[in-house]
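Novice: One structure coming up, written as structure tokens, with questions to follow.
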Amino acid sequence: MSADAAAGAPLPRLCCLEKGPNGYGFHLHGEKGKLGQYIRLVEPGSPAEKAGLLAGDRLVEVNGENVEKETHQQVVSRIRAALNAVRLLVVDPETDEQLQKLGVQVREELLRAQEAPGQAEPPAAAEVQGAGNENEPREADKSHPEQRELRPRLCTMKKGPSGYGFNLHSDKSKPGQFIRSVDPDSPAEASGLRAQDRIVEVNGVCMEGKQHGDVVSAIRAGGDETKLLVVDRETDEFFKKCRVIPSQEHLNGPLPVPFTNGEIQKENSREALAEAALESPRPALVRSASSDTSEELNSQDSPPKQDSTAPSSTSSSDPILDFNISLAMAKERAHQKRSSKRAPQMDWSKKNELFSNL
């Protein structure tokens, strides 16, 4: 995209709403065949109208988080989790179409880039993150630390007349138990529980590796109140990169540090060396075990003790050599045993004497 085209491109709108006695005063809906969530209706005199929200606007971000690929319930949960104020980045249909033709990705940085002094080409500069003006990426970075501090959340709720107001499900593609949906105005919603959250703990007990029935039983065992430690998708991925299971210590304490590629390679090499050290004697153990088994099987045919007949020059460090010698010895002993079972030779004079008696 050329700089001239970017400079003349329309911009999205940032609407900051403060909740009134009757809420924010707008209705959200999804349209068939279109990705995303749209403003269906804006009530007259409402905080939404005062903030400049318009019917037909497409919702792009909620409090700096992109929601273009999220479900209706997920977007609603994000808005309600903001409590008394919310920041919505929206585009009207005409602006949305023009930005798509120009290949400009809709985000809040476009507005900050335009407001930055001495910035001749705001959209172009916003497109190249980390290049150009040094101040702009710093401003963008400053807007995310709160949102990017990925911590688990402790959701405490008391059972209402209709229960807690959330549904639990498991996903075959990934381990764990997840929140499928949260009912509006339910105890679960009031506690901050969101759709797609993964349950880590129930009432202080870790649920890692537990089955669906185990998690349900743990929740029911809490009676009319339960505490769920949960992580959203991004937080879950962060802790997996750190190789740490989230806990209540991470609610306010220091966060773990993700493994870098070098550290992962070092860790893998250490594990490989440890495994090699453990596995390296195994072939010898297998051979010696099979040798012992052969000795036991052969000993059934050769009762004599083996210690007295084993050659002293044989090295015990070579199980293969021991195995070959034991076979040879076994054959010799078997031959000796068969020979020892034969009847002694009788001379002809004794035979004649025996037959004459009969």
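Just so you know, glycine gets a Cβ as well, placed from its N, Cα and C.
Owing to the predicted nature of the structure, the values given are computational and were not obtained by experimental measurement.
Residues annotated as N-acetylserine in Swiss-Prot, with experimental evidence given as evidence: Ser2. For Ser2, Ser46, Ser162, Ser269, Ser280, Ser290, Ser291, Ser294, Ser299, Ser302, the entry in Swiss-Prot reads phosphoserine. Residues annotated as domain 'PDZ 1' in Swiss-Prot, with sequence analysis given as evidence: 14-94. As annotated by Swiss-Prot, compositional bias 'Low complexity' applies to 114-132, 307-319. For 114-192, 277-358, the entry in Swiss-Prot reads region 'Disordered'. The compositional bias 'Basic and acidic residues' annotation in Swiss-Prot covers 135-152, 348-358. Summarising the annotation, Swiss-Prot assigns domain 'PDZ 2' to 154-234. According to Swiss-Prot, the compositional bias 'Polar residues' annotation covers 288-306.
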Novice: Taking the Cβ of Ser46 (phosphoserine) as the centre, count every other Cβ atom within 10 Å, in any protein chain shown.
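Specialist: Taking every protein chain into account, the count is 18.
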Novice: Measure from the Cβ of Ser162 (phosphoserine) and count the other Cβ atoms within 10 Å, all protein chains considered.
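Specialist: Taking every protein chain into account, the count is 9.
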Novice: In whole Å, how far does the CA atom of Ser162 (phosphoserine) lie from that of Ser46 (phosphoserine)?
Specialist: 31
Novice: What average pLDDT is reported by the model for the domain 'PDZ 1' (14-94)?
Specialist: 89
Novice: Counting each residue once, how many in the domain 'PDZ 2' (154-234) are helix, strand and coil under DSSP?
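Specialist: Within the domain 'PDZ 2' (154-234) the tally stands at 16 helix, 36 strand, 29 coil.
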Novice: By DSSP assignment, list the helix, strand and coil residue numbers for the domain 'PDZ 1' (14-94), in that order.
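Specialist: When I sort the residues of the domain 'PDZ 1' (14-94) into the three classes, I find 16 helix, 32 strand, 33 coil.
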